[in-house]
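A short worksheet on the structure shown next.
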2 protein chains.
Amino acid sequence: MALNNPNPLGPWKITVYDQENFQGKRLEFTSACQNIMEGGVDNIRSLKVECGAWAGYEHSSFCGQQFVLERGEYPHWESWSGSNAYHIERMMSFRPICSAVSLCSNPLNHKESKMVLFEKENFMGRQWEINDDYPSLQAMGWGNNEIGSMQVQSGAWVCYQFPGYRGYQYILECDHHGGEYKHYREWGSHAQSFQVQSLRRIQQ
Amino acid sequence: MALNNPNPLGPWKITVYDQENFQGKRLEFTSACQNIMEGGVDNIRSLKVECGAWAGYEHSSFCGQQFVLERGEYPHWESWSGSNAYHIERMMSFRPICSAVSLCSNPLNHKESKMVLFEKENFMGRQWEINDDYPSLQAMGWGNNEIGSMQVQSGAWVCYQFPGYRGYQYILECDHHGGEYKHYREWGSHAQSFQVQSLRRIQQ
């Protein structure tokens, strides 16, 4: 089979709908949207990512729960929310994840993903440098179900509360906060604990 | 940090509780459980995987919705269910995934994971051999949001309805059905369509 990616490096493109199953009012975006209500719709209820990797947010101005959105079709809220402790079915803003590693095979565009996990907050305690996906950190030898702090050296990553890429999503990028996330309060306004049990690179 | 896995190859171990947050009656298992009611509890409401990778099922006798369970802590139903189209909060049976690839670095124990995706059912149409994780099949060049059939040549895999490892989970193993899954009806009794947008290896 020909595995030619028609849009290896963008431009980013996302199409959102104000009803489930790609119905209702339809809006196309190729860059960040800070408040979907400015497009004349009250909420996003389905979407298609046509190019690039995106971060979606529960509230306007990129606040609240975070959702990593990779290329494909999302017919309803549950299809992008994953499993979350609270089910407020809202997505009001979104933006491209510019530091996500390209899947393009052009070596000039290739960047490695690399980050360091720390046992304690403020980059203290034992540390572990990673550059791959981990569906279970504990299976790989990490001692418990928490990470104290993280330093993203390259690429973009998504961490999850539960094993197997489930629960709250925290998007971490080398070009935000200087790649430094020294306490769970910096992972996102919805983060309520240090609990992280799986994580993976974001590719596009 | 020392990344020594204390139980690189098992034995499998899972601890289940009949209340959320690891409360209530507690049962330990090192092999398959066909019906949790035989242990004197009406349902599983939290669990810890202490060793190995497991498949959990909505109904007794390994039927209904499937949930891949890797090492870590799952305090409530949403933590293992992922996002699903119907929320019946039940897990009644579970079993080890014996063909999951070992994370152990002993080369004698190392098996590659390999499977072939087919565009159409019955192993027809265009095909694509894979041996890695794919959070978005479309980003990697797969033409649409469906897979017609799959042949698992080695290891165990989990496929998902939506991108980013979300939605219904379908566990596919080289040592079940001879590794052949020629129609979505063979992916599991809960499968309702050919829709698969992400997939990954199961490691333990």
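Cβ from N, Cα, C; glycine included.
Sequence annotations record features per position, and here TrEMBL assigns domain 'Beta/gamma crystallin 'Greek key'' to A:12-51 (among others). Same-chain neighbours of the domain 'Beta/gamma crystallin 'Greek key'' (A:12-51): 60-62, 69-77, 80, 89-96, 204, counting only residues six or more beyond its ends whose CB sits under 8 Å from a CB of the stretch.
Counting residue by residue with DSSP, the domain 'Beta/gamma crystallin 'Greek key'' (A:52-98) contains 5 helix, 20 strand, 22 coil. Annotated domain 'Beta/gamma crystallin 'Greek key'' per TrEMBL: A:52-98 (among others), in sequence order.
Taking Cβ pairs closer than 8 Å, the domain 'Beta/gamma crystallin 'Greek key'' (A:113-154) reaches residues 99, 101, 163-165, 172-174, 179-184, 193-201 in its own chain, all 6 or more past its ends. Summarising the annotation, TrEMBL assigns domain 'Beta/gamma crystallin 'Greek key'' to A:113-154 (among others).
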